[in-house]
Amino acid sequence: MRSVLYSYILFLSCIIINGRDIAPHAPSNGKCKDNEYRSRNLCCLSCPPGTYASRLCDSKTNTQCTPCGSDTFTSHNNHLQACLSCNGRCDSNQVETRSCNTTHNRICECSPGYYCLLKGASGCRTCISKTKCGIGYGVSGYTSTGDVICSPCGPGTYSHTVSSTDKCEPVVTSNTFNYIDVEINLYPVNDTSCTRTTTTGLSESISTSELTITMNHKDCDPVFRAEYFSVLNNVATSGFFTGENRYQNTSKICTLNFEIKCNNKDSSSKQLTKTKNDTIMPHSETVTLVGDCLSSVDIYILYSNTNTQDYENDTISYHMGNVLDVNSHMPASCDIHKLITNSQNPTHL
């Protein structure tokens with residue numbers, strides 16, 4: 001008896017699931033219920049989410065519902081005659097935030113670093129890489145589609161990264177620098193033409209037929225961008241300087257090693273001693289002279305924080321022989337520039 005009753009209950013359950021327990025009926029006050037749809041002036045049961053109408057109702061039999069198959073879905077009460085196909089797999093620049101199942105479509109959203117250019121009913125259809133703000137610029141906001149807005153860093157702020165997320169940071173007001181100015185004055189020098197060679201991230205050099213000035217730099221965050229060289233009355237003034245967009249990380253020591261080499265057969269060398277060494281910032285220097293073609297050398301190295309009120313500075317100097325007067329010089333760039341790319345330590349010039 002119990003087995004017969006259990007079978008009967010199971011049979012009734014199947015009928016209810018398939019919508020066959022209630023025959024279609026006429027609308028009440030011209031309306032059907034929320035879980036019904038209207039067909040030929042009859043109110044028929046809708047299929048629940050996750051199923052579709054494998055057989056529509058007629059005057060005697062209600063809707064027959066069948067579960068959705070793999071990669072298909074219905075998310076609302078319906079009388080669709082087939083389930084909807086889920087969206088395809090997410091692109092490489094997207095992440096799946098909801099997987100496809102019988103009641104929900106797959107949803108893909110943009111990965112970090114991307115924004116949605118074209119939205120769909122279920123997530124984003126097209127993701128585009130966000131704009132990256134360059135050195136000296138920071139993220140100041142976002143467009144209506146989610147792309148980055150870049151703005152120049154104002155007074156008292158800086159940025160030394162290329163990023164789609166970093167904002168301009170407040171300047172550290174002491175014990176660091178964002179600008180390096182190197183001045184090298186030499187006597188006697190005759191050749192007025194020069195070649196500048198840059199090995200990115202490693203060294204700068206100015207060479208003439210008489211001598212070569214090489215500056216090797218290590219762990220320096222400000223980027224050297226330009227040089228100058230001029231000769232007047234056998235006195236040469238030359239140098240290198242950086243941009244102002246990048247601050248020195250105080251956990252590192254910016255090291256500058258200079259070699260001034262005469263292009264003759266004399267290979268003797270000597271180290272110059274600092275004559276001024278006002279140091280509160282993270283830097284270190286050496287100067288080596290190779291050869292005997294010069295009788296006077298002046299070197300001035302200025303490390304500056306250009307965003308402080310009076311320019312906080314460290315000044316380093318080296319001297320040999322007479323102090324040279326270069327006030328009448330008109331510095332100019334070298335005639336030839338050569339760039340050697342160092343793939344292990346790339347730096348934007």
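Positions of Cβ are set from backbone N, Cα and C atoms, glycine also.
Note: Swiss-Prot links Cys43 through a disulfide bond to Cys32 (candidates: Cys32, Cys57). Per Swiss-Prot, the cysteine from Cys57, Cys65, Cys83 that shares a disulfide bond with Cys68 is Cys83. Cys44 is paired in Swiss-Prot with Cys57, the candidate among Cys57, Cys65 named as its disulfide partner.
Per Swiss-Prot, the disulphide partner of Cys86 among Cys65, Cys100 is Cys100. Here the repeat 'TNFR-Cys' (67-108) has Cβ contacts under 8 Å with residues 34-35, 37, 39, 44, 46-54, 56, 114, 120-124, 127, 129 of the same chain, all six or more residues outside its ends.
Between the C-alpha atoms of Cys86 (disulfide bond) and Cys57 (disulfide bond), the distance comes to 26 Å.
Mean model confidence of the repeat 'TNFR-Cys' (67-108) amounts to 95 (pLDDT, 0 to 100 scale). Separating the Cα atoms of Asn249 (N-linked glycosylation site) and Cys44 (disulfide bond) is a whole-number distance of 73 Å.
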